[in-house]
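S.K.: As listed in Swiss-Prot for this protein:
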| type | residues | note |
| --- | --- | --- |
| REPEAT | 56-79 | repeat 'LRR 1' |
| REPEAT | 80-102 | repeat 'LRR 2' |
| REPEAT | 104-126 | repeat 'LRR 3' |
| REPEAT | 127-149 | repeat 'LRR 4' |
| REPEAT | 151-173 | repeat 'LRR 5' |
| REPEAT | 174-197 | repeat 'LRR 6' |
| REPEAT | 199-219 | repeat 'LRR 7' |
| REPEAT | 221-244 | repeat 'LRR 8' |
| REPEAT | 245-268 | repeat 'LRR 9' |
| REPEAT | 270-290 | repeat 'LRR 10' |
| MOTIF | 291-298 | motif 'GVYW' |
Amino acid sequence: MMGYEQMNQMTMTTTAMMKNYNKKGLINTPQKKMTRRSVSAIDGGAAATAKEGDRRQNIKTLDLSGMSLASLSASSINLASISKLDLSNNNIQKIPESLVARMLNLWALDLQSNQLKTLPNSIGCLSKLKFLNVSGNYLQSLPKTIEDCRSLEELNANFNELTRLPDAIGFELTNLTKLSVNSNKLVLLPNSVSYLTSLRVLDARLNRLSSLPEDLENLVNLQVLNVSQNFQHLTTLPYSVGLLISLVELDVSYNGITVLPDSLGCLRRIQKLSVEGNPLISPPFEVVEQGLEALKQYMSEKMTESYKKTPTKKKSWGIGKLVKYGLSSSPGRSTGREDGKEGFINVSDYRQIDGIASPRHVSLFNPRRLLSPLSAYFSPPRY
């Protein structure tokens with residue numbers, strides 16, 4: 001299992017990959033950095049005329065990083081042939097709509113460390129885009145059209161001024177494996193984030209988050225969750241944090257959390273849990289300082305005691321889900337599919353959408369759907 005440092009290192013190769021990556025024949029031009037003389041890129045009105053032969057070549061990788069560019073004019077380039085574009089570390093204030101709309105084969109775009117306040121709506125035309133880095137700009141929002149970049153695997157929007165993310169981002173970007181939005185002004189994450197079922201890393205530290213989505217258990221591949229340093233804004237964690245079956249690292253340090261959810265005792269794969277800098281009451285400091293295993297045992301025992309004391313109607317949500325996931329077992333309880341209906345949306349609450357039964361709020365990944373026969377959700381048409 002990869003640790004956060006390893007995964008972070010893996011991600012850092014994206015920028016380097018844009019310069020020297022050679023795979024499946026995508027790069028068929030010499031790997032040398034483009035200069036003002038080899039590309040007609042205009043910087044503050046100063047332009048250099050390229051040779052006619054250079055104008056007609058089909059460039060696959062275009063690196064214009066660190067050239068102090070303030071604007072772009074790439075009329076001499078066959079933009080449709082570009083697969084990787086690096087415009088990082090410049091002074092670019094605006095990306096032309098027409099420029100982006102022409103780069104239909106682009107799969108890696110690096111715009112970090114510029115002066116961007118907005119991204120063009122035409123970014124939604126980049127249907128093959130897999131890596132997008134817009135960190136270190138002045139973005140206050142991401143265009144809704146980014147939801148059309150359905151091939152996107154990594155989105156880095158760190159160090160901006162984002163106050164919100166597109167509402168449906170989680171419903172559309174189903175291939176996203178890393179979402180990094182640290183050092184922004186986010187007050188909340190949209191509920192749709194809970195349906196990024198391919199997500200492995202979620203980094204939302206250094207924001208102003210006051211809460212997290214309730215249905216985090218849908219993130220079955222999530223390995224790293226970092227919501228540290230939201231300070232006094234984040235005071236509670238949802239119970240579903242303890243239902244993240246693949247979670248390896250959880251960092252909730254330096255927040256205003258007083259009580260950790262008992263469900264943390266069910267995190268079987270957890271290897272690193274950071275809770276320092278919180279005014280914790282439960283678990284007490286004496287338990288926390290004993291380390292991860294002691295904390296997990298304490299939370300697990302506390303959850304069991306709470307379950308025994310709680311009236312039946314109030315037990316169903318948490319324990320019902322834990323049993324379904326195989327994270328908990330109780331005497332006299334079956335873990336089979338026929339085991340009651342506690343903790344799940346009633347079938348009557350579902351409606352047909354293109355032949356698939358979904359709840360009214362479009363739950364794309366409900367545990368009941370996973371563990372029930374397909375026939376329960378794929379019904380023959382009614383006439």
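Including glycine, each Cβ sits where the backbone N, Cα and C put it.
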S.K.: How does the model score the repeat 'LRR 2' (80-102) in terms of mean pLDDT?
M.R.: 93
S.K.: Tally of helix, strand and coil residues over the repeat 'LRR 10' (270-290) according to DSSP?
M.R.: 4 helix, 4 strand, 13 coil
S.K.: Summarise the repeat 'LRR 6' (174-197) as counts of helix, strand and coil residues per DSSP.
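M.R.: Summed over the repeat 'LRR 6' (174-197), the classes give 5 helix, 3 strand, 16 coil.
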